[in-house]
Structure formats: structure tokens, C-alpha cells
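**Q** Starting off with a structure, shown below.
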Amino acid sequence: MARGLVSSLLLGQLLLVLVGLFSPAGAVPTPQYQTPNTQASSYWLSSIKRQGIAPFNGGGAGYKVFRNVKDFGAKGDGSSDDTAAINMAISSGSRCGKGCDSSTTTPALVYFPPGTYVVSKPIIQYYYTQIVGDALNMPVIKAAPSFEGIAVIDSDPYENDGSNWYTNQNNFFRGIRNLVIDLTGLDKSKGACIHWQVAQASSLQNIRFEMVKGGGDANKQIGIFMDNGSGGFMTDLVFNGGNYGAFFGNQQFTTRNLTFNNCNTAIFMNWNWAWTFKSLSVNDCGVALNMSNGGFNQTVGSVMILDSKIKNTPKGVVTSFNAESVPESGGTLILDNVDFTGSTDAVTSLQGSSIVGGGSVIKHWVQGNAWTAGSGSKAKRLPPQVQAKPDVARRDDCPAPAPQPPAQSTAPPYPIPETGEPTRVPTTEPSNVPTRVPTGGVPSGTTGTAPSTPSPSPTGGPTACPSAPVTKARVQTALPQPSKPAILLDKSGKVFERAKPQYENVSADKFLSVKSAGAKGDGKTDDTKAIQAVLDKATADQIVYFDHGAYLITSTIKVPKNIKITGEIWPMLMATGKAFSDMKNPIPMLQVGQPGDKGNVELSELIVTTQGSAPGCILVEWNVAEETQGSVGMWDVHFRVGGFAGTQLQSNTCAKTPNTTTTPDPKCFGAFMLLHITKTASAYLENTWLWVSDHELDLADHGQINIYNGRGALIESSGAVWMYGTASEHNTLYNYQIQNAKNVYMALIQTETPYYQSNPDALVPFAPDTKYNDPTFGDCTTAACKKAWGLRILNSTDVFLFGGGLYSFFENYKQECLKTESCQLNMIEVLCSETYLYGVSTKASTNMITSGGKGLVPQKENRSNFCSTIALFHQGNL
């Protein structure tokens, strides 16, 4: 949710993009797909009994959580203008629109039956909205020839003064899936399918973007236009045609299984801090990914491309990274198992020269600062670069700007930017001016184990292993590919992945509603027994369904080892009561399987949280191991503690206290731990956000708050753990801890240190517990040392991280520490472990990585556009 620096160069690129979105219409091409029929669907979501309520809404039983757009007058006949009806379906019920910023009390699940829905203005997706099409017969949303607006679906509208409805990096809890969005009725000179300016707990899934094919530079159509935000996850998307399949800019993001066909440029990366692409497929495009924005002064922090294939596309990746580019670690690029046999050049400079030729599979290629035991002897080095110190980044700044106030026009009130020349406009076809690429080894960086400030050795974990020294090299080279354990790989040799289940072929009568079984979900009634009864009686062919509501749980729910559970737009499971009050004897709210179990567990579309203080609660204890690969997992399940209605942990009770020496109020304690993946378990996690709230979502002040939550995610599994698009924020002792584990794959992770630390520090109010191998901070001598670890890896093997953003923005809500990038001392601990960490970005931590009590990787030698970034950390030889 952080923000960074404003760049006029980025602004110029955004202005040109927006001009394209609002260009006048011209000749209309014919559609490029078959129009779906409008018959009734057998998809369960369209016919299941609707009993969901918004328990903290205050509007009573009349508030509708589920909305079918046809109930609001939409025709879906391919000719009627359905704009007003669709927007009414979304907005009705005094929901969170312009001027609201955020609210959890007005959720809406908006369903599109099969059909073709013509729109002439943007569909505005209000906060806490899921737009869901029929999964069996995907509906089409088609832009009329007269369409005017920023995009067919707009997640964060702009006003004429350039302001947004929602704060981009706090634009949480929204999703779109199962749609075809069609721009082929527009002239090729304008149009975007989705304006996706979002933050955590957001997703796009199973969407096809239809745009005009060909047209050269005159084609300005875009599938996804993303200007900024703090995401996020998207998966299973297909982009056909257009200029840019996707125009991306965000702090951090994870994408999986994106396919681009016949785009001028598949992906234009405008800016980021960290972005992971898994399973890209690019076919018949001009450029697969252009990350060269900014030229010499790079705007892209880091990109990971994994298990991907580029076919019949001349240019794979266009980069501006070279011997002279700044910042030093800007433009970090990792290629891991990427098939460029269909490309002339795999990696190309902005000026057009080939860096890596195409025609083969690149097993492993690294661009950026590598810290390894073998860097000095094996890596092709580039010299380090020195740049002027940038302006101090502030929390209330943003690294990718909104467009400037637009000029008045005859179009609806969406921004049409004033014309203006940007500093530099990236092109899809770089010029032929050669770039200087060094041919010899040039010394860069340092070798050793001690930066300016030593870090303490952990006393809650193993200390016998000596700290292996690492050497820094600024590289642009192929490296040996680390061997990944077979347990993590699918049959084709790629890292395993699995889409969120939608149960398309399950009939509605196979869903067991917890409300029909007696649970109330009203945020007042103890629903423990009713929920347990439903779980106990569910059979293998049934799915337990949580209608939207707030379900109070007062003792441990035992989740069987073979079960499927899904919810209606994130129903809340809330731990409360005396059973969860003892932090010295914590118990789980949801105990998923028993130690030693093997089975098939699927959890999706849920919120797990507390009502009031629950310092003796582990929200989810995950014990079950997979029976078949990936058969146990969580998709779109979010851990959200405090900061919203019904939690009793809000800004009116737990406001921040930076001006006094703080003794934590027991009424503002959260949970003992959010997620524990135990020793015998395995798990597949996708789009899972573990968030201890830093600010209020529902009360009008949206003020910052102090919620004290002991620990984030503890992973001890010796099975397989996959984590795609996960984040863990604002936990007191640590956000992620991996100990005595193996076979852990993370792509990507994001963390934030609690804003209130070090008032109090990490040792308050949750004392380190030896049973859980907590950090003790016993050797710390400064306040900056006693802050939450972003990630600890202890006594573990085969741990892979492809992309990480681990941030520290405050010292007791003040930001003077950003001037020296020293808000805390240490962020990542690696001890007695075999790890491969790629694309790691940290903010304002003096030491990025420590081991055995010594700082190995200092942030000051790895400056990027906003964070400090390294391409690779590995303590062994490559």
C-alpha cells in the first residue's frame, strides 16, 4: 500500500495512453468471435438460493448482496444499450462510490448471465464488488461504436481535476472473472477494456480481451490499462489484438497464465517495484515485453519471467539496462525456463541491438545485482552506476502519477488529458543505435559479510552454521539453473500451478449452505456448532457454501481432510471469546486436517478474522498434506484483522498513539498467529493476503490504527508449498517465517513492517515463544533492530523466491528515516538454509539480508527506482 516518487516521464507516457483511449471513433471492424446465446445457464451461481446478508450494513434485510444485471433491466441482446442498467445493478443500495474511499459493509456480487451486453460508457466497479460472468457460457461486454470513456470497466474513476474516487494503493477487495470484453466495434485508434487501478485482495480471472488486430501505430487499443496501485493478482487471461495487450504499472504484482495473440506489444511495463510473470504465452506479437521505459533512467524496478513461451514474436524482452543505466539495480530481469525459439532476439536493448539471441530455450538468465558465492568467478559484470540522491519519498506520494487535470470536452466526465510532449516516449520498435556493452570483467560491489551496521544473530533459531560470504556483481548473463525438486514440478517440468476452482460442472443442489443448516452469520450469534455440523456431514461430491455474513466462532472448528468450501463474496469467519484469549496457550480457529492427514481440501472466497481481541488464536492451522499434486489449497482467502466494521478493533478504539510512549491496549490485540502450515502439511496458496490493518476501512476518518498481531505465516512443511501472489503485513514479530522446511516456492511475496514500531518495539505485547522458534532480538542494541522481520528462513532447503517486496516506511509513524533509508536494521534472515532468492526489493532496511548475525547485503549498494533491489541471493556456488 505504499507510495513513492512522481516521475514526469511516467506522466508523459500515461498522457499519451489516455489520449488514445479517448480518440474519436472511425470505421468499425467486424467482431472476431462468436456471439454467445442468451439462454438460461446451468451454472450453479445463477440459481443457488440467495441468503447472504451484510450484517454490519445498518440498512436491514433489504440490502442485496447478489445482483443479476438482468433484474435491473439489462437485455444482453447485442443491440440494446445496457450501460445504465448494469451501473444500477452495481451501485444500488447506497454503496461505496465517489467520496467513500472504502467500505466493507456494502458488498456486491454482480452476475452477468450469458449474452452480449452493449455499453456506451464505462461500467464503474464500486468498492468491494465482484463482477462475475457465467463460467459455462461467458457473456460478452461490447463497447458500442459511440463509446466514450477511459475503459469498458473502470475500477477507479478519474474526476476532471485528475483525482480518483478511491486511493489507488488502498483500492482493495474487488474481482472480475468469466467475461469477454470486446473493443472491435470501436475504431482502432481508441479504447481500453479494463482500467485496473487496484491494490491487494484484487483479482482478474478467466477473461478474454478482444481488440482490433493489426493497424500498426494507428492501433491504440489496450486490454488492461493500469496506471498505479499496490496489487495484486491476475490469472488465466487471453488478449487478442490491440496495440498493448496490457499496459502495466504497479508497486508489485503477480500474474499467472496470461496469453497474448496478435498484439503490437504484448506487455508494456510502464513502472514497477517488482513484478512476477509465471506461464506467459506470447504468440504473433511484435514485442513480448517492453520494460525500457525511462531509457537511461529506468522506471522499472524488477521483472521475473518464469516457465514461459514466446512464439513468432521477433523481440522478446526490450530493456534499457546497460553499463551506463541508472539506478544501479533498476531494470532487474530474471528469465527462468523461457522458450524464445520463436523470437529473433530474446533480449534486446532499447536502441535495437541484440543482448541475447533468440531461437532457443533460456534456462536461466540474470540481469542486475547478483550476490552469490560464485559471482566473482562466473558472472559477466557491468560496472556499478552512481546517481544523484533522489528526493525523499513520502508515504503520501505515488511513483506512478494520475493524469493531469483534463481539458473540457463533449465526452462524459472522464479525463481527456491536455496535450503535451513527454520527456521520452517508448516505442515498440527501438532504433538501430548500438548500446555500449562491456566485454570484460569490471570490479563492482563488495565482498564480505559486514556492512556498516552488524545485525544480531537470532537466539530463537539455529546458530551453529557459519555465515557464508557472498560477492556482489552487476551482471547481465546466463547462469546455471538451480535444480528444483520434482515435488514442485508438473509433468512438463514447469513449476506446478492450479486455477481457483469455480465448480462449473457442479449443480446447485450439491452446495450445502451453512445458513440453511442453521448458522446465522449475523455477527452476533455463536455459529460454531452449526458450522461444525455442516462440515461433518458434507460428502465428497458436495461443496460447503458460506452465504455472505459474519460467522462468530468461539472454539476450534475441525475442518475434515476431504472437503470443499467456498463463500459468497468473502463471508467473514470471526474468532471471538475466552477460548482464544490466552497467548501462552494458543489454539486454532480453523484446524484444517490433523497431523499426518492426506486429503483433498479446497478453500476459496473467504475472510478469516477476529471479533475483538484474540491473542490466543491461530486463525488457520493447516495440517493436511496433498493426496494428489495441489489437492490441498486456498484461493482468494484473506486474513484481515481489525480496521473494519464488526471487529471492535477500529479507529474509535485503537487509534494510533505516536505522541506518547505506548503500552499496547489489550483491547487492541489481534491474533497470536495468522497462518501455520505444519510439519506434515503441504499447501497451494494463491492470491492470499494476510493483513493486520494499518488503517480504518469503514469509519469516516479512515484513520491509522494500532493493532497488535503476533505473527504472520509460519511454514514448517516438508511437503510442497506453492505461494502465488501472497502478502503478509504489519505483524509484530515477523511476517513470514520458514523453518525446518523444504520445497517452498514463492512468487511473489509482499510485506510491510508495523507503522507503530518501535513505539512499542517487536517484543511487545507478544513475548517470543520458544515453542514456535520466535525471534528474540536478544543481541539488538538499537530500536531500529527490534522491528518485525519481513522474512526469516531457518534450517530449510530448496526454498525459492521469485519476487519479493519487503517494505519499512515508518519509525513510529514518522518518516525522517526514509532520508537515510534506515527505518529498520534488518529485513530478511537466512540461516543454515539452501535458498535461491530472486528479484528481492526492500525499502528502508539498512541490511536487506543477514545471516548468522552478520549483514550480508546492504541496501545502499543496491539502489533501484524506489526500493533497493537485488537480482539474486545465493550462498552456494552457481
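Here the Cβ of each residue, glycine as well, is placed from N, Cα and C on the backbone.
Remember, it's a predicted structure, so these values are computed and weren't measured experimentally.
For reference, Swiss-Prot lists these features for the protein:
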- 400-416: compositional bias 'Pro residues' (COMPBIAS)
- 433-452: compositional bias 'Low complexity' (COMPBIAS)
- N228: N-linked glycosylation site (CARBOHYD)
- N257: N-linked glycosylation site (CARBOHYD)
- N290: N-linked glycosylation site (CARBOHYD)
- N297: N-linked glycosylation site (CARBOHYD)
- N505: N-linked glycosylation site (CARBOHYD)
- N659: N-linked glycosylation site (CARBOHYD)
- N795: N-linked glycosylation site (CARBOHYD)
- N862: N-linked glycosylation site (CARBOHYD)
- 373-472: region 'Disordered' (REGION)
- 1-27: signal peptide (SIGNAL)
**Q** Between N795 (N-linked glycosylation site) and N862 (N-linked glycosylation site), find the distance joining the two CA atoms and give it rounded to the nearest Å.
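**A** Spelling it out, the Cα of N795 (N-linked glycosylation site) and the Cα of N862 (N-linked glycosylation site) are 27 Å apart.
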**Q** Give the helix, strand or coil assignment DSSP yields for N257 (N-linked glycosylation site).
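**A** Once the DSSP labels are grouped into three classes, N257 (N-linked glycosylation site) ends up as strand.
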**Q** Relative to the Cα of N862 (N-linked glycosylation site), which of the glycosylation sites N228, N297, N505, N659 has the closest Cα?
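**A** In terms of Cα distance, N862 (N-linked glycosylation site) lies closest to N297.
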**Q** Rounded to the nearest Å, what's the C-alpha distance separating N659 (N-linked glycosylation site) and N228 (N-linked glycosylation site)? Just drop the number here, would you?
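**A** That separation, Cα to Cα, works out to 32 Å.
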**Q** Could you list the residues of the same chain, at least six apart in sequence, whose Cβ is under 8 A from the Cβ of N257 (N-linked glycosylation site)?
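**A** In sequence order, T235, D236, L237, K278, S279, S281, E497, A499 meet the Cβ cut-off.
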**Q** Of all the glycosylation sites given, namely N228, N290, N505, which is spatially nearest to N297 (N-linked glycosylation site) at the Cα level?
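**A** With Cα distances computed to N297 (N-linked glycosylation site), the winner among N228, N290, N505 is N290.
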**Q** Rounded to a whole number, how many Å is the Cα of N505 (N-linked glycosylation site) away from the Cα of N290 (N-linked glycosylation site)?
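**A** With distance taken Cα to Cα, N290 (N-linked glycosylation site) is 39 Å from N505 (N-linked glycosylation site).
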**Q** Ten-angstrom check, please: count other Cβ atoms within 10 Å of the Cβ of N505 (N-linked glycosylation site), all chains counted.
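**A** I get 10 for this one.
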**Q** Can you tell me whether DSSP puts N505 (N-linked glycosylation site) in helix, strand or coil?
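**A** SS state of N505 (N-linked glycosylation site) = coil.
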**Q** Among the glycosylation sites N228, N795, which residue has its Cβ surrounded by the fewest other Cβ atoms within 10 Å?
**A** N795
**Q** Rounded to the nearest angstrom, how far is the Cα of N228 (N-linked glycosylation site) from the Cα of N290 (N-linked glycosylation site)?
**A** 17
**Q** What's the most sparsely packed of the glycosylation sites N290, N659, N862, counting other C-beta atoms within 10 A?
**A** N659
